[in-house]
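**Q** Pasting the feature list from Swiss-Prot:
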- Tyr79, Gly80, Ser81, Ser91, Asp92, Ile93, Asp94, Asp147, Lys208, Tyr217, Gly226, Val227: ATP binding site (BINDING)
- Asp92, Asp94: Mg(2+) 1 binding site (BINDING)
- Asp92, Asp94, Asp147: Mg(2+) 2 binding site (BINDING)
- Arg368: site 'Interaction with RNA' (SITE)
- Lys373: site 'Interaction with RNA' (SITE)
Amino acid sequence: MKKGGGRNKGFPQDDESSISLRQLMVNEGLIPSLEDEVKRRGVINQLRKIVVRWVKNVAWQHRLPQNQIDATNATILPYGSYGLGVYGSESDIDALCIGPFFASIAEDFFISLRDMLKSRREVSELHCVKDAKVPLIRFKFDGILVDLPYAQLRVLSIPNNVDVLNPFFLRDIDETSWKILSGVRANKCILQLVPSLELFQSLLRCVKLWAKRRGVYGNLNGFLGGVHMAILAAFVCGYQPNATLSSLLANFFYTFAHWQWPTPVVLLEDTYPSTGAPPGLMPIQLPCGSHQYCNSTITRSTFYKIVAEFLLGHNLTKDYLKLNFSWKDLFELYPYANTYTWFTKIHLSAANQEDLSDWVGWVKSRFRCLLIKIEEVYGICDPNPTEYVETYTKQPNIVFYWGLQLRTINVSDIESVKIDFLKNVNSGSFRGTVGRIQLTLVKASQLPKNGECGSNNRSKKVTKTCWRIREDKQCNNVPVYSKHLPGYVVGYQKMVNREADGMEVKC
């Protein structure tokens, strides 16, 4: 990362503009309270105690010598928005459980640790996601949502603050653990590289709010995710180590409005020389590994939308030193209803709210395929990430409205899009109760009055791509016995009845 730039010391307006921007952050609720921080820190500390007890119990089950049982250890490392210090009051916690070589993910993590967590009074809504790219346990601890993946290192004991950048701990680990560790390693690299942690955190809070308001935030919809935004913010901070917050935010939009994509954004230049063309339309290199890039779902449509918003952001912030400048325009909600004539309406429903959460999470994990198909049929599509609820419908539902750029549309073409998408949804291994999908085309004039961005009808909590292991009549509790202590039950696993399989979604 090159260092350069400087603070505009000759302009008192710069300080005034930064004060105004910080006040906006407070007004928007971007700064969590001290109580929020204490509560989250308490959750992490409790989880660390739990996994230490868990791993010692696992060591005993594996019949390790007493001295090794006493010495072994596991730990919890927070990452994501909480690890970077940019979480909000509604944010969840991404926390990685790191265990030693003998603690397996299949038996010890997903069964033994899951049952230990489930027995805790602070834990509720515990789900397991085994088939995802990042297998994890998801639950609420004292009301705070926690995503807990697992990585296994080839050592007996994990230091409490293990250095995940140290090659000693990374030797001979499996591919799943390597992928999971990449997020934690990226966090640590970013925090080491930025010249001012406080300014980086403030800048990242601002650009994430901007991305959400302008509809360009969310990996599942083909936009920028949290790690993308963090690297872009760190990149700008590295070029202006002495800048004010307002100068950094204006320079953020100047930099990426003029960026020559697909030139990759690289924090550590020349550290890992590239041997081939970087992947994707907007390649952003992870700062912690050779030739590793952020996972990207950006398509032709979303690329154009992101670039357009960078340009608009630059036009809105280039005069930030002028008298009476206001930051509010930068964070205006995107005017979907005034921009597009036609919309693809995606209506998802289920029998109850819990089933709906699982169903929406599964369907959203297939959204990129739907977006590409719509692009083939209709051209440019703007997949608004906002989740709406049709309050006049009794059945629990979530609705999406994706803008289409064409002025005239062949309505019958939606049938081919629908058939193709249903095949994709049915081709996976969804473990929950199958819901319902309806794909239709509607005009902007047909949008519900409260269906526009910024309405009170917006769902506050975005549904995650997670589906639970069902705990209903379609499942049986099957005891799982230790491989090392015959007759010793380590926990119970949910097994889906065969007759419940083979269900397909229909419109």
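Each residue's number is its place along the chain shown, starting with 1.
Cβ atoms are placed via backbone N, Cα and C, with glycine included.
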**Q** Which residues, same chain and not among Asp92, Asp94, Asp147, have a CB within 8 angstroms of the centroid of the CB atoms at the recorded Mg(2+) 2 site?
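**A** My list of surrounding residues reads Gly80, Tyr82, Ile93, Ala95, Arg138, Leu145, Val146, Leu148.
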**Q** Calculate the distance in Å between the alpha carbons (Cα) of Asp94 (ATP binding site) and Asp147 (Mg(2+) 2 binding site), and round it to a whole number.
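**A** Rounded to the nearest whole number, the Cα-Cα distance is 5 Å.
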**Q** In which DSSP state, out of helix, strand and coil, do we find Asp147 (Mg(2+) 2 binding site)?
**A** strand
**Q** So what sits near Asp92 (ATP binding site) in its own chain, CB-to-CB under 8 Å and at least six residues off in sequence?
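**A** In sequence order, Tyr82, Ile144, Leu145, Val146, Asp147 meet the Cβ cut-off.
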**Q** Looking only at Cβ atoms, how many others are within 10 Å of the one on Asp147 (Mg(2+) 2 binding site)?
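**A** There are 19 such Cβ atoms around Asp147 (Mg(2+) 2 binding site).
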**Q** Run through the Cβ atoms and count how many others sit within 10 Å of the one on Tyr79 (ATP binding site).
**A** 25
**Q** Which of the three DSSP-derived classes (helix, strand, coil) applies to Asp92 (ATP binding site)?
**A** coil
**Q** Including all protein chains displayed, how many Cβ atoms other than that of Asp94 (ATP binding site) lie within 10 Å of its Cβ?
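**A** Result for Asp94 (ATP binding site): 25 other Cβ atoms within 10 Å.
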